[in-house]
Amino acid sequence: MEQLCKRILEEGKALNEYVLKVDSFLNHNVDPKLMYEIGTYFKEYFSARGITKIFTIESSGIAPAVMTALQMDIPMVILKKQKPNTLTEDVYQTTVHSFTKGSDYELTLLKKYISDKDKILIIDDFLANGEASLGAVRLVETAGAEVSGIGIVIEKSFQKGRKCLEEKGYDIYSLARIKKLGKDLIEFL
């Protein structure tokens, strides 16, 4: 997506060879017009699959996921990184390792928000090692539902996430694929 790549080059900052800071438009200060365009691209790519729900992981995937859900006119479910005290009902949970934070968390989904008839599109802000996406996949499949695709805003293609997901048969559609990061260096595929 040309507009996204342009924003990454203009406003993004590679802090090192693994970390890309895009807080000016994606995951702190959010540009709703850009998120709307992102939703348009995901809708166009995934619209023929009979998707019934969008799943995303709190919190940086919420903006692109809600815009995709709005355009596809389907519900969106936010997977929680920890079980809040208010969640007293039955849940699905799986442990996920966060690349960004360097720690584990319990990804949580209320059972009432998924059925075995659902076709799920997973949307996330970044794909690095694939741990978050694989965690979401585990929750969906534990519930007996189908993962119909995975939409990624920014993929770090030099890390193993895409390979891990494709080896398991999942279709990944990334709007910006980064080949290389380095101090003040951002290179796209």
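A Cβ is built for glycine as well, from the same backbone N, Cα and C atoms used for every other residue.
Straight from Swiss-Prot, the features:
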{"type": "BINDING", "residues": "Leu20, Asn27, Lys156", "note": "xanthine binding site"}
{"type": "BINDING", "residues": "Ala128, Asn129, Gly130, Glu131, Ala132", "note": "5-phospho-alpha-D-ribose 1-diphosphate binding site"}
Which ones, of the binding-site residues Ala128, Asn129, Glu131, Ala132, have a Cα no more than 10 Å from the Cα of Lys156 (xanthine binding site)?
Ala128, Asn129
For Leu20 (xanthine binding site), the nonlocal same-chain Cβ neighbours (under 8 Å, six or more residues apart) come out as Ile8, Gly12, Lys13, Ala14, Phe126, Ile154, Lys156, Ile178, Leu181, Ile186
If you measure between the CA atoms of Asn27 (xanthine binding site) and Ala128 (5-phospho-alpha-D-ribose 1-diphosphate binding site) and round to the nearest Å, you get 16
Looking only at Cβ atoms, how many others are within 10 Å of the one on Gly130 (5-phospho-alpha-D-ribose 1-diphosphate binding site)?
26
Residues flanking the 5-phospho-alpha-D-ribose 1-diphosphate site, with Cβ no more than 8 Å from the Cβ centroid of Ala128, Asn129, Gly130, Glu131, Ala132 and excluding those residues themselves
His97, Phe99, Leu127, Ser133, Leu134, Gln159, Gly161, Cys164
When you average the Cβ positions of Leu20, Asn27, Lys156 for the xanthine site, which other residues in that chain have a Cβ within 8 Å of that mean position?
Gly12, Val19, Lys21, Val22, Leu26, Asp125, Phe126, Ala128, Ile154, Ile178
Cβ contacts within 10 Å for Glu131 (5-phospho-alpha-D-ribose 1-diphosphate binding site), all chains included, total 19
